[in-house]
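Presented below is the structure to which this report refers.
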Amino acid sequence: MAKWWVIFIADIFWKSTVKSRWSASRGERQLLYDADQLVVRICHSQRILHQSTSRVTFTYVQDFTSPYDATVVHLLRKARAVVMGKTNLDEFGMGSANIYSTFGPVYNPHDLGKGQGLGSPSERRVAGGSSGGSAAAVASGMCFATRTNWSACVIQIMVVCRLQTTPIWSTSSILFLCRPYITGALGSDTGGSVRLPASYCGIVGFKPSYGRCSRWGLIAYANSLDTVGLLARTVRDAEIVYDIISEHDDRDPTSMPIDIKKHVDAIAPGFESITGDLEDLTGLRIGIPQEYFVSELAPAIVQLWRDGIAHLRDRGATIVPVSMPNTRHALSAYYVLASAEASSNLARFDGLRYGHRSDKGSFKNDTLPYADTRTEGFGPEVRRRIILGTYVLTAGSYKNYFLQAQKVRRLVQEDFDHVFLFPNPVHHHPLPTDTSSGVHVLLTPAAISTAPKMQDCFPSADETSNAKNPVDAYVGDVMTVPASLAGIPAIVVPFGASPLDGYPIGLQLMAQYGDERTLLRVAATLERR
Amino acid sequence: MHAIHLSRLGRVALHTSSVRGARAVNNAPRALVNGKWEAVVGLEVHAQIDSRTKLFSGKWAYKCVVGNYATKDVNSLVSLVSVFALSIPDIVQRACEHQCVRYRRSVPRRVASECHGRSIRRSTCVDLAVMTALALKADVHLRSSFDRKHYFYPDLPQGYQITQHYEPISTGGLIALTELDGVSYPLEVRVEQLQLEQDTGKSLYDMVPGITLVDLNRAGTGLMEIVTRPDMRCIVVRGGIGGEEDAGTAAVCWIVEWEYGRGGCAFGSMRCDVNVSVHEVDTPFGTRCELKNLNSVRFLTMAIDAEVRRQIEVLEQGGTVMQETRGYDVVAGKTFRLRSKETAPDYRWIQRLFTLSLFAGNENLSEIVSARLRAGKIGKDVLAVMIDGDVRPAAEIVEEKGWHVVGDAAELRKVCEDLVANNKDKVSRCTFFTSAGLVHPCARCLTSFRKPRLIR
């Protein structure tokens with residue numbers, strides 16, 4: 001029987017008072033309610049509301065309560081942000097469409113805007129992954145969410161309601177409200193997990209340089225690629241939140257040390273026009289990398305890219321075509337490296353100390369309980385990546401895959417160093433940049449298409465789906481992955497909608513490592529469309 | 001990679017040369033079994049570093065957490081799934097219902113965590129490892145790196161062990177053994193490398209029948225792994241145990257006496273793996289077999305003995321020795337196969353995960369050494385200096401002065417106590433360490449009060 005639950009989210013005043021009232025009255029619940037952690041990038045199954053979910057995927061941390069705040073959450077709470085809840089995401093941050101989740105996939109809130117409710121199941125679009133829940137929440141303004149029936153996939157946007165006796169909590173990114181009235185969300189960007197959903201949902205997605213925000217409290221997927229990212233409605237909001245959370249943290253050794261931070265901020269002063277006007281970009285050099293004109297790019301995206309170039313050129317910027325020849329290898333290198341590190345980081349989930357443990361394992365053989373437990377506990381995408389990662393680390397393939405991918409990664413980094421005006425502040429041997437052709441920022445699309453249809457993301461037996469195999473989804477990351485490999489900051493700004501289906505498209509800006517100021521400055525101009 | 005050479009530091013003189021390249025093993029007469037077989041032994045010693053902090057530790061306090069969340073329901077047990085789930089020091093899983101022997105809890109003094117591509121800061125563990133390396137007269141590398149070694153085992157909470165396999169903190173080195181150590185002829189055992197690594201937890205098989213308990217308090221503690229070259233020769237007496245003349249044992253004991261290891265194999269503070277092979281004289285070395293899980297010096301001797309006998313038997317019957325990892329069954333007095341080369345796990349190394357850079361800043365190695373090596377182990381060398389710069393070999397000095405070797409721990413302790421009691425005015429502080437027969441008399445006494453020590 002279908003049940004209709006309507007969850008109302010009142011306006012900010014009410015939220016603020018609700019929170020304080022809840023904190024007072026809820027005693028020991030406070031920890032749960034406050035949804036403390038960025039840690040949980042993994043799926044919980046919802047305890048009381050989704051009993052009918054047949055598949056119990058990844059129950060390792062089903063009832064996991066973190067004993068501590070992630071640093072970024074801690075910083076936000078110190079700044080008196082109201083942490084509202086957690087949102088849905090791809091399990092462990094692995095996925096490009098937020099379809100691999102215990103709670104079901106996240107729908108693009110622009111479906112709602114069509115005026116047809118959620119629309120028929122065949123027309124629903126994904127919100128992007130892996131931080132799709134956060135993007136959907138920010139994009140939809142958290143007005144309300146409807147859940148159609150028990151077993152259908154639903155949007156879980158906002159989870160706080162006085163009607164519930166137990167808070168619903170679905171994990172991952174954190175929604176928060178900072179005074180005054182900023183709405184934003186945190187996500188984790190390993191290969192574009194924040195920027196892709198931002199493009200699909202039409203909001204701003206910002207990934208700072210690697211090391212700017214502390215990763216303490218972030219469940220590791222790939223140590224060298226993970227970054228805490230932000231989703232917000234406007235660039236200004238993103239900047240405000242970024243200023244709060246980008247502090248050095250002793251507990252994260254990859255967090256940018258203070259002396260390097262000073263050095264970086266000194267030599268990358270950021271671009272500012274002479275007039276100081278937001279609309280004036282005289283002196284700014286924008287690079288258009290040729291290799292990003294991939295064949296998979298939808299024509300609507302290309303058109304919007306050109307519009308973006310024109311928009312910036314009209315404001316005085318110089319457009320420079322650049323070439324980064326190693327970009328075409330970046331996607332493969334990323335999946336090799338990320339999967340390898342993931343297989344290492346996820347090795348700790350063996351069901352022995354906590355979490356799900358398989359009932360059918362026999363303990364005679366050392367390895368048996370591991371295999372059953374992990375097979376049952378991990379979702380399909382996670383299993384795929386762990387197996388891939390394990391394979392590339394085996395003795396026979398290490399040299400051919402992992403080591404090669406590391407070398408490709410270095411080449412991709414050097415590509416970026418060649419085109420940017422400012423030298424990379426953390427490389428020991430900065431490469432000489434040709435100042436006549438160096439650029440401040442790069443402008444590319446954020447995705448190769450608008451939000452794909454849900455059914456196209458799941459390969460199906462009959463021919464209704466466009467996806468032939470799960471790896472097809474990986475190509476969606478091709479625009480965002482190089483910036484992750486190089487660790488440079490990148491931001492996605494909504495720049496319009498596709499004339500064909502009306503779904504939003506975002507443009508991506510990338511700047512040299514540590515140069516967030518320039519990036520945010522240019523993004524602010526770009527979003528004024 | 002640069003080597004560190006140590007020059008004279010005050011009153012303590014250490015050897016300045018470091019071992020580079022191959023050095024011919026002693027030319028002493030070889031003892032052969034059956035007239036033609038010679039056993040070749042190499043050691044891998046894992047010594048727990050005596051520091052208060054774990055190798056990589058975090059800053060959170062666990063006591064309250066465990067109290068609140070440790071419930072009977074495994075699923076609601078709080079766990080550490082953070083990116084730096086370096087170790088889970090105190091959380092006792094439901095399966096570990098007993099009160100484990102509490103090893104030293106980590107009190108994080110410095111934060112040193114793993115990361116990718118960055119350096120970790122120095123810590124006590126690193127200092128002590130460097131001390132040991134210097135005392136072994138090894139080359140200390142300013143830059144070394146850590147790797148991840150993956151395998152699944154219940155006492156390995158992260159599914160991988162952080163170790164230094166490819167670029168260790170020191171390579172080379174020498175253990176010089178003399179008759180005083182119990183070998184029949186002077187022997188120099190070359191050291192391959194010394195590396196830092198994480199300890200695993202402890203599996204307890206005997207406490208509850210049918211259940212294996214895992215104590216994770218030990219997980220993450222720093223270990224020094226000292227790998228020697230196969231320079232030791234065993235004298236095996238058929239049907240007996242040539243314990244006293246076992247060079248392997250001697251080397252282990254020598255390492256046991258380090259100030260920096262806690263000594264005492266029975267507690268697992270030091271564990272040994274042995275590589276044993278046999279060959280005929282003047283022929284290439286035979287295939288080696290690794291013996292693991294030897295928890296005491298006595299077992300070590302017996303296991304080597306049993307394995308040598310086994311290999312000789314196989315070879316004399318015309319068979320070939322397979323490369324295997326074997327364990328030792330005390331009751332049967334035989335070694336048994338744990339796994340063969342084919343079933344050896346692929347560790348899926350992630351190499352050079354992050355680097356360890358020593359001496360960031362202006363700290364000077366000699367300062368550290370002088371600060372810590374006040375009453376260092378190098379008994380024989382220290383003795384020489386203490387007797388007013390007499391650099392004759394220790395043995396000579398002993399004979400001349402009419403001292404005798406104090407072999408018994410209790411006796412030594414009594415001697416020390418007497419000494420301290422008689423010289424109360426000079427002694428401000430005295431600490432006794434007793435473990436496995438090792439006594440550090442007056443290790444922290446004032447420097448004005450000197451007492452020659454001969455330790456066996």
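Note that Cβ sites are derived from N, Cα and C of the backbone, with glycine treated the same way.
Taken from TrEMBL, the feature signal peptide covers A:1-20.
Here TrEMBL flags A:60-144 (among others) as domain 'Amidase'.
Look at TrEMBL and you will find A:SER130 tagged as active site, charge relay system.
Here TrEMBL flags A:183-520 (among others) as domain 'Amidase'.
For A:SER193 (active site, acyl-ester intermediate), the Cβ neighbour count at a 10 Å cut-off comes to 37, with all displayed protein chains included. The active site, acyl-ester intermediate annotation in TrEMBL covers A:SER193.
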Cβ packing number for A:SER130 (active site, charge relay system), 10 Å threshold: 36
Confidence summary for the domain 'Amidase' (A:60-144), mean pLDDT rounded: 68
Distance from A:SER193 (active site, acyl-ester intermediate) back to A:SER130 (active site, charge relay system), taken between C-alpha atoms, in Å: 5
